[in-house]
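As recorded in TrEMBL:
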type: DOMAIN; residues: 10-121; note: domain 'CAAX prenyl protease 1 N-terminal'
type: TRANSMEM; residues: 20-45; note: transmembrane segment
type: TRANSMEM; residues: 66-86; note: transmembrane segment
type: TRANSMEM; residues: 92-114; note: transmembrane segment
type: DOMAIN; residues: 125-329; note: domain 'Peptidase M48'
type: BINDING; residues: HIS195, HIS199, GLU273; note: Zn(2+) binding site
type: ACT_SITE; residues: GLU196; note: active site
type: TRANSMEM; residues: 205-223; note: transmembrane segment
type: TRANSMEM; residues: 243-268; note: transmembrane segment
type: ACT_SITE; residues: ASP277; note: active site, proton donor
Amino acid sequence: SGELATNAGLNAENEILHTLAFLAGVMIWSQITDLPFSLYSTFVIEAKHGFNKQTIWLFIRDMIKGILLSILLGPPIVAAIIIIVQNGGPYLAIYLWGFMFALSLVMMTIYPIVIAPLFNKFTPLPEGVLREKIEKLAASLSFPLKKLFVVDGSTRSSHSNAYMYGFFKNKRIVLYDTLIQQCSSEDEIVSVIAHELGHWKLNHTVYSFVAVQLLMFLQFGGYTLVRNSKDLFESFGFEDQPVIIGLIIFQHTIIPVQHLLSFCLNLVSRAFEFQADAFAKNLGYAPQLRAALVKLQEENLSAMNTDPWYSAYHYSHPPLVERLSALEDADSKKEN
């Protein structure tokens with residue numbers, strides 16, 4: 001990467017320029033090596049099971065847009081991180097966390113408004129029974145719904161979903177057009193929205209965000225220890241202590257801890273899913289939610305009943321059988 005920077009007429013002694021040259025090489029190499037697998041996954045495996053809807057031109061266009069976004073957003077972020085590490089001193093972990101916290105808020109704000117529309121088309125949900133029912137449900141829960149969109153997910157895949165975003169009083173709900181196509185009634189779609197609103201009403205998003213920020217702060221504290229270990233850098237053949245190399249070494253060092261944290265986060269996420277299902281059921285959408293879950297599971301060809309231990313470790317959402325069982329148990333307790 002130093003030679004790459006020098007050949008490009010840049011000062012390889014400048015750590016920011018040297019790091020950007022290194023990351024450029026990694027990006028180019030990753031694109032070359034990953035492209036065959038991405039093409040095979042999309043146009044062979046996904047197509048075989050009826051999921052892929054995109055053309056090769058759309059695939060290439062999305063890839064080019066992703067590369068351009070990386071070129072546009074990557075350098076200033078990388079430069080800021082390097083400057084913070086070089087000047088952070090004993091408060092390095094706090095400064096790094098503060099920067100990443102601010103960056104996450106900025107990205108959460110601009111991604112759905114600026115970046116996502118570069119890849120998908122968002123149109124307002126037309127007036128009609130479905131829109132009226134969703135707006136009525138949101139109003140009954142005091143959810144500050146400002147806009148209701150449909151995204152053209154069917155141009156790329158037949159997978160379906162729904163999500164919400166926005167801060168404070170500026171909330172928006174997005175429905176995949178595939179969700180509307182796959183559900184047989186408006187009430188089934190509304191039951192999915194009721195589940196998503198349950199996450200909001202029960203503050204799951206806030207809890208998850210706080211947990212992620214806490215873990216990020218702890219990781220930066222761990223990186224500070226790696227950063228100050230000259231022997232660790234020398235053991236990998238580095239006489240200096242480049243910021244990017246320290247981050248890479250640290251990421252590999254904490255892999256066992258990351259597996260444990262991933263397992264714990266999945267347990268929390270699964271608990272949140274059960275709670276959101278129960279929330280939708282308490283609103284009277286249990287039959288519709290059951291029907292929607294079964295239909296979406298069938299359409300997405302997801303595993304119906306996996307091994308409990310495998311599911312607990314790998315899945316952030318409980319399998320269909322567990323969710324249906326929880327809804328039925330709740331109904332049985334209510335009847336008794």
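Any Cβ shown, glycine's included, is placed from N, Cα and C.
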Spatial neighbour of ASP277 (active site, proton donor) that is closest, considering only the recorded positions HIS195, GLU196, HIS199 and their CA atoms: HIS195
Near-site residues: Zn(2+), ref HIS195, HIS199, GLU273, CB cutoff 8 A to centroid: GLU196, GLY198, HIS204, PHE272, GLN275, ALA276, ASP277, PHE279, ALA280
Whole-number Å value for how far GLU273 (Zn(2+) binding site) lies from GLU196 (active site) (Cα to Cα): 9
Residue with minimal Cβ packing [other Cβ atoms within 10 Å] among the binding-site residues HIS195, HIS199: HIS199
Residue counts (helix, strand, coil, in that order) that DSSP gives for the domain 'CAAX prenyl protease 1 N-terminal' (10-121): 97 helix, 1 strand, 14 coil
Same-chain residues at least 6 apart in sequence whose Cβ lies under 8 Å from GLU273 (Zn(2+) binding site): HIS317, PRO318, ARG323
Protein Cβ atoms within 10 Å of the residue listed as 'active site, proton donor', excluding its own: 25
Packing count at the residue listed as 'active site' (other Cβ atoms within 10 Å of its Cβ): 21
